[in-house]
Amino acid sequence: MKALEAKVVVLGTQGVGKTSIVVRYVGKIFSKKVSPTIGSSFFTFKMTVDNYRVKLQLWDTAGQERFRSMAPMYYRKANAAFIVYDITSYESFDSVKSWVEELKKNVDAPLVICVLGNKCDLAEQRQVPLDEGVQFAASIGALFFETSALKNEGIEEAFLRLSLALISLSQSAPNCGLLVKDYDSSRRKSADIVTVPPSLKVLQDKIAEEDEEEFEEREPAKNGGCC
Amino acid sequence: MATSLHSNQISAGQEHAPGGSQNPVLVTKDSYEELEEDLSLDVDQSRPRHASGVIAEIVESRQHSEVDSNQNNAAVDYPATDQQVKGITADTNHLSLGDGQLTDESEVFVEEEEQRLRSGSVLQTVEKTKPAVVEEDIHSAAWKKHKKHIFILSEAGKPIYSRYGNEDKLVTLMGVIQALMSFVQDDKDSLRSVVAGGHLIVFLLRQPLMLVAASSTGESQQQLFLQLRYMYNQILSVLTHTQLNRIFEQRRNYDLRRLLSGTERFLNSLADLMDSDPCFLLTAVRGLPLDNTVRDVIGQSMQSAKVKDLVFAILIADGQLVTLVHMKKYILHPADLHLVINLLKASTSFETSDSWVPLCLPNFDSSGYLYSHISYLDDSPACLLLMTVDQMAFKEMENCKQKILEKLKKHNCLAAIKDSVKRGSYTCQEVGISELRHFLYKNKSTAQFTAPSWGAPYSDPAEQERLFSLYRFVHQKVHNPARPLKILFYVGSHESALGWITSGFELYAVFSPLTTKQVAILAVNKILKWIKKEEERLFILNPPEY
């Protein structure tokens with residue numbers, strides 16, 4: 001068993017649901033009252049995939065234009081990037097293209113890119129056709145998923161595929177900057193259980209109180225899932 | 001009825017003001033003096049208005065840390081004040097003239113305002129206003145009823161912010177403001193205020209922005225100026241002065257809302273806080289009541305986890321300061337800390353994760369950002385901010401936070417903070433003075449204040465608002481720039497109030513309306529004794545340094 005540590009940056013224009021996706025994945029919840037991220041938020045997530053212990057350091061960035069100048073700091077030494085757009089806003093899809101260009105220009109090391117079309121539950125307001133997203137992602141060699149943080153669709157899969165892509169990247173290009181170590185599985189068994197950060201637990205409790213129906217969706221945290 | 005007393009009638013020892021300290025944790029400069037200096041600069045634009053270069057200095061000293069430390073010392077000093085003081089007197093004379101002329105015109109202004117708006121003649125702006133139900137505009141009764149409006153626009157007259165209503169629908173009003181201000185500015189003069197019926201309209205020009213407050217709350221011109229300055233500083237804290245200037249140098253008619261998107265909530269929250277929290281009125285910070293041994297342990301834990309380039313480490317719980325560790329040479333300004341407190345109040349996004357946020361503290365250095373690691377410690381109400389000059393230092397700060405967290409947990413400090421927040425401030429009864437209803441006490445040498453919780457008869461928000469406006473009234477009377485008072489005893493229909501200013505403290509106390517002057521004076525002396533007894537719990541007296 002090996003351990004792999006990767007820095008993952010989440011990019012995209014404001015209001016597309018970057019924080020909602022991350023909070024849905026890391027905390028298994030959806031909050032209606034997510035306030036705009038300021039600067040960036042930092043999460044870590046651990047899981048076991050394909051005989052690898054994968055530790056993701058997630059940088060959830062603010063989408064507002066004024067934080068654009070901070071972006072180089074986020075994608076510096078990043079191993080993977082989620083670029084998120086909102087399927088109900090063509091403008092947000094356009095900004096995906098500019099993010100890709102910026103990454104291509106500034107990041108030398110190979111990078112796993114995953115394009116996410118979020119808010120796919122709002123199909124009736126769709127402005128970006130599914131085909132267009134798929135074709136664009138294929139043209140830049142990126143992964144592509146349509147997701148819904150609200151309905152919890154596509155997010156687990158996106159993170160899983162991203163992790164697998166990171167693993168294969170570390171195998172095919174050993175010098176890509178990914179940190180791979182041998183994992184001593186006898187040490188710290190308890191760490192195999194997915195841990196939810198304490199701050200997110202508080203949010204979980206709040207939401208559980210507010211909304212009983214949401215409760216059934218909040219399955220006990222699984223062991224990362226694998227294939 | 002207002003009476004001023006002679007100060008000998010009060011016998012408390014003024015040299016040992018309760019809660020005083022030799023090592024102030026915050027900058028203690030008087031905010032009114034600062035404001036006067038600041039306003040005097042309107043006439044002479046050549047002098048620097050902003051603190052700048054401190055961050056560059058820290059970065060530089062990091063690069064060659066051994067080399068010349070003398071140079072650094074010199075650069076931190078405040079700009080010389082002597083000349084500015086002279087400037088003020090000249091300026092005020094000049095102004096009172098201007099005010100008089102404008103007051104004559106003011107009624108015309110208000111009456112004609114609507115006509116102008118309807119015809120849309122001002123600056124040929126086309127009125128897009130449609131009768132909207134949800135969003136208030138200038139014609140809606142609800143919009144007119146608000147007690148205090150705040151508008152921010154660019155020098156070109158582009159709307160940036162309005163406290164109420166959609167600023168897009170107020171373009172014509174913004175045009176009027178721009179026309180008025182630039183008309184006076186053309187004569188190398190500046191428009192300060194207009195009195196219109198029960199409204200006081202105050203204008204502040206901070207190139208490239210114009211800020212206006214229109215208030216019917218009875219606040220003084222100075223008080224409104226201070227609030228506008230806070231609004232301006234809030235914008236700087238997001239953009240920095242350097243960036244703001246650069247944008248408007250490149251494009252005079254830039255729509256700043258693009259860059260500020262998401263900042264409205266902070267401006268709104270700040271405007272609301274200023275109407276309810278006395279810390280802005282007093283330019284002071286409230287310390288969280290805490291046993292001084294616990295506070296010392298917290299301070300030492302934060303101090304011992306020091307990492308390179310950490311400028312400030314601040315621990316805040318429920319809008320109150322727990323403690324603050326600072327680099328030896330650099331002291332935080334209370335107004336900057338207020339912006340930080342507002343930031344935490346207005347956003348919930350910090351509660352869910354550790355954040356890395358660029359923040360400009362305008363009184364510290366308006367030209368650049370301090371990068372701040374913000375985290376709530378272990379789902380407690382305590383929020384730790386670690387501010388550094390190094391944009392890339394997230395990892396170091398993260399480690400530093402972990403160290404601090406471990407130490408605080410080991411000594412059970414988080415539980416103590418939790419308890420204190422849960423318990424809230426002390427009640428007025430605890431002070432043990434029967435006539436006393438409420439008070440505010442600010443120690444000038446530490447820029448900290450203390451006040452009991454809002455007990456009966458002020459449990460109702462409407463009553464709190466009324467009490468707060470009484471405090472504002474007494475505050476503005478004693479701070480009247482033309483006739484500053486040391487002591488004021490005021491008898492109103494609901495309560496009587498005593499305001500007392502010395503070189504060491506400011507005290508405002510509220511009693512039942514039938515309380516006599518003598519009883520009130522005896523009572524304030526008792527308050528001072530009580531605060532002296534409790535000072536170690538209520539104030540941060542020995543802040544650690546890096």
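Every residue gets a Cβ built from N, Cα and C, even glycine.
Features reported for this protein in TrEMBL:
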type	residues	note
COMPBIAS	B:1-12	compositional bias 'Polar residues'
DOMAIN	B:148-270	domain 'FUZ/MON1/HPS1 first Longin'
DOMAIN	B:308-405	domain 'FUZ/MON1/HPS1 second Longin'
DOMAIN	B:435-535	domain 'FUZ/MON1/HPS1 third Longin'
REGION	B:1-25	region 'Disordered'
Would you mind splitting the domain 'FUZ/MON1/HPS1 third Longin' (B:435-535) into helix, strand and coil residue counts from DSSP?
37 helix, 29 strand, 35 coil
So, by DSSP, how many helix, strand and coil residues make up the domain 'FUZ/MON1/HPS1 first Longin' (B:148-270)?
60 helix, 30 strand, 33 coil
Averaged over the domain 'FUZ/MON1/HPS1 second Longin' (B:308-405), what pLDDT does the prediction give?
92
